[in-house]
Each structure stands twice: as structure tokens, then as C-alpha cells.
């Protein structure tokens, strides 16, 4: 008897849990659907579980979302692709709920299932579902229908294809803006499946209706369709049908639509070709760069380098550069920041002469901007300019500004400068570096912000790697040793950190003679934080120094620390002693 009842048990538990008041129990039950389906077997899953889920009218969106997600991967549990259609009814119900994320997930799952279904099943089951949703009384079902046409259309016979195009056209003229929005955002995917002969006849007329919609939320989604349709059409059709729309959109009364154009314009340039770009899209882009709304100028400024790449240097200098000069002193700090993040990329496009004459003054003004993000964005891209104008000119014009920024009041700016120093050092060469930037690198070790001190210690290591141990021995080590007796314990800790980073670069001999004594002296520090950091550093030095040094110098020091009153000091000292023991045993 018990063996007969066992297969019934999971479905009974599921039904109980799905009706439970506790949402977590209901959620857990939905997430275990695949386990329950395996226990039931394919036939009972089709005949009992799926109908039960179709009738389940849970009102919690979290449960419905989980159900929509689970059903999308349920084909193996109902008997494979030939029975995939049984999953459509519960998902159809989910496509009509009010919560957007549930509907979106249901549409996503339907698309996943539809893309695996056989053509005959799509015609028999999937296309009728799309038609029912598209004719739904409540707007939610019509919104969901728009996302399914690109799956349904390719498999439909000719008569049905005509009907589907007609239905989509009606959805694009729906009374509800939400439906028109969904139709506009899915138009690109649907158009990609439509034959080229109907693309011009039907899809372009649908597109033109959407571009003239009275709701700006629909028009801005139609802008995305411009780029998608532009890639599907021949260049001459693109120029005839898409280009005029984009030019009009760039002057749209809604700033949101103009913002979308500023984001998408670059992709359209590729679709229409170089000549229409120069004649029509460059003036449109210039208008957007000078737009009244800061958000539009931000979007346009962020694309300035990409746009320059598709123009000849002469056209970029003639049309785009004057706008860039204006934007560099824009009233909005966010516009200047967006420009600063891409302007360096213009240097390779414009060439050496134009960069020196036209761009360098803009770089310098942005490097002195009052807003730290603007300065940061310029600093992080300096290497792009260096490749074009050479290090001599860079050092003459930009180095004074870099030195000034090294003491910037915003610590993130100082941090960006530190991270740029090794690259600058490798390009400036050792002589120039010592002369101009050497003192700065030591100064940062005593910064008030920990992140700066830590970055400064890492910076010393990278400089030692770049210029070699001999240079480091002459220019870094003496000053580091001098700072090791600083009265402030945080600065002494930074020196301990610097020593641990420099030791592997400097090698065994210099570590033993110069760096190890500093660490051993620090072990007698009165601050516990210093002492347990000393234990960690000594542990890192063990593989670098000779075994005799580890035994005679490091071990006694660690033994002393292992008897310290502070628990953390004892812990790290004992860890280091274990490392010495394991090294000795392995040797």
C-alpha cells in the first residue's frame, strides 16, 4: 500500500504548500517543481501538475515570478519538445498579471519554449496564444503579446504572416501608451524576422506611425528602432526612411527623445554611410552637443571620440572641436566629467599638430577643473595623449599640473595620480623622474588617508621594479629607513608595509643588511598594531633571506613576540614560527 501512495505524496505536499499562508513555503514549493516533476514522471506532470499550476491563482508576485522562471526550463519534465505546448496555458495566464516583472519573465520563458518548439506545434499552439493575448481586453496581455511576435512569425504560413503583421500594426496604434511602448521596443526584433519585401511595405509604415506618436515615452523607444531597422535596410533605403526621422528626433520637443538620439546616433552613422553622415548627421550631432538640457549634452559628449573616428580629421576639427571647447567650460560639472572621460581618445584621431594646438589647452583647463571627477577622468587617460605628442611636450605642458594635483584636496585624485606614476616614470626616464617626481613619492607615505599611504608603498615597489635595485638603494631605501622612527605609529606602520613590498624586489643581500634591522627594531615598538604587523612581515621575509638569518635573527624576534601580552601579536608570531619550522623541515 505504501509503495502505491508514494508517487502521490509529492503532489499532495505541493498542493498543501502552495495554499499555505507562509509565502516562504509557497516559494520553496515552486522552486522544487523540477524535483516534484521527476518524482511524478512525465505523463502525470502533464496531466496533473501543469493543470494544477494553470489553475493556481496565487496573488503574490514573488511566487508568480518564480513560477514563470521555473516553467521556462520545464520542457524535459513534460516529455520533451513534442509536449512543450502543455506549458503554454500557465504562462499565458502569467502574461496577463499586473506586475511588470512577472509578465516580462513569462514572456522570456515563452520565447525560450517557443524557440525549441516544432514548426507545426508553433502554428497549432503558439500562434493562437499570441493572437489571444493581442486581442486581450486588459492592456497587460496586449503588452506581453508584443514580445512574442518574433518567435511566432518565422514558422507561420503566408496567410498567418499577413495576419500577424496586421495585428502588430494594430498594437502600434493601441489606445494604451503602455502597449504602444511595448510594440515600439520590440519592433527591431520583429522586423529582423520579416521578409525584406514586407519590411519596406509594412514595417516602415508602422515605424513612421510610432515616430509621430504624441507620447514621448513611445517616441524615445522608436529611436532604438531606428538603429535596429537601419542595420536591416539597404543604405539607400536607410537614408530615405530612417535619416529624416533621426534628424527630426534630434530637434524633438522632449529632451528624453533627444537624449536617446544622442546615445544612438553613432550606430546610425555606420548604417547610412560616410556621405549622409557628413551632410545630415554631423549637424544633428552638433545641435545635440549644444542642447539646452545638460542630460542631452552629457550623452552627446560621451560619444565625441567615437564620432570623430568616423569623420576625417579635417571635419572633426572644423565641426566637432569648437563644440568640445564650449563643453570644456560647460556650466554643468557632469557634462565636463563626461567630456573628460573620452576627450583623450581624440588625440590619436586628430594627430599630433592638432592635439598640440587645439586639445592640449582643453586638457589643461580640465586638469584644473574645480570638480574632482573631471580631473580624475583626465588623469586616468593621459597615456593616450603621450602616444601622440611624445613625452617631452607632455612633461613641459602637463607635468606642472600633475605635480599640483599630487597635493589635491580630494584623496581620490591623489590616488589616481599615484597609480599613474609608474607609467609616467617608465616614459619620463630615471633622470627626469628623480628631478621632478621623486620627492612626491616619499611625501605620499605620510598622507593622512590610509588608501594613499598604502598606494604610495605599492608605488615604491613598482618604481623599484622599473628602475632596478641599485636606483632604489640610492633613492628610496635611505628615505624609507629615515621615516621608520616617525613619532606617529600609522606612518611607522606604512614603512613596515613598504619594507615587506620592497624586500622581494631588492633581493636577499639588501634585505638582510638594510631592511631586516628596521623590522627587528619595530618589534620592540610600544604599539601592538605595529608588532603584529612586524610578525606578518617577518613571515613574508622568511623565503627571501638565508636559513641562517631566519634562525639567528628572525626566530629570536618571533619567540619574543610570541610571549607578548597582546593576543593578536602572539597569534601572528606563532603563525610565523610555524612557517620557519616548515621551511626548516622541508630543507
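Heads up, the Cβ atoms here are built off N, Cα and C, so glycines get one too.
Taken straight from TrEMBL:
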type   : residues : note
DOMAIN : 358-519  : domain 'Phosphatase 2A Regulatory Subunit A helical'
REPEAT : 10-48    : repeat 'HEAT'
REPEAT : 164-202  : repeat 'HEAT'
REPEAT : 203-241  : repeat 'HEAT'
REPEAT : 242-280  : repeat 'HEAT'
REPEAT : 281-319  : repeat 'HEAT'
REPEAT : 320-358  : repeat 'HEAT'
REPEAT : 359-397  : repeat 'HEAT'
REPEAT : 398-436  : repeat 'HEAT'
REPEAT : 437-475  : repeat 'HEAT'
REPEAT : 476-514  : repeat 'HEAT'
REPEAT : 515-553  : repeat 'HEAT'
REPEAT : 554-587  : repeat 'HEAT'
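Residues of the same chain lying 6 or more positions beyond the ends of the repeat 'HEAT' (10-48) and with a Cβ under 8 Å from any Cβ of it are 56, 58, 60, 62-63, 66-67, 70, 73-74, 77-79, 83, 86. For the repeat 'HEAT' (281-319), residue counts in helix, strand and coil come to 30 helix, 0 strand, 9 coil, using DSSP. Sequence-distant contacts of the repeat 'HEAT' (281-319) (same chain, six or more residues past either end, CB-CB distance under 8 Å): 243, 246-247, 250-251, 255, 258-259, 261-263, 265-266, 268-270, 272, 274, 326-327, 330-332, 334-335, 338-339, 341-343, 345-346, 349-351, 354, 358.
Helix, strand and coil residue tallies for the repeat 'HEAT' (164-202), in that order: 30 helix, 0 strand, 9 coil [DSSP]. Each residue of the repeat 'HEAT' (10-48) gets a DSSP state, and the totals for helix, strand and coil are 33 helix, 0 strand, 6 coil.
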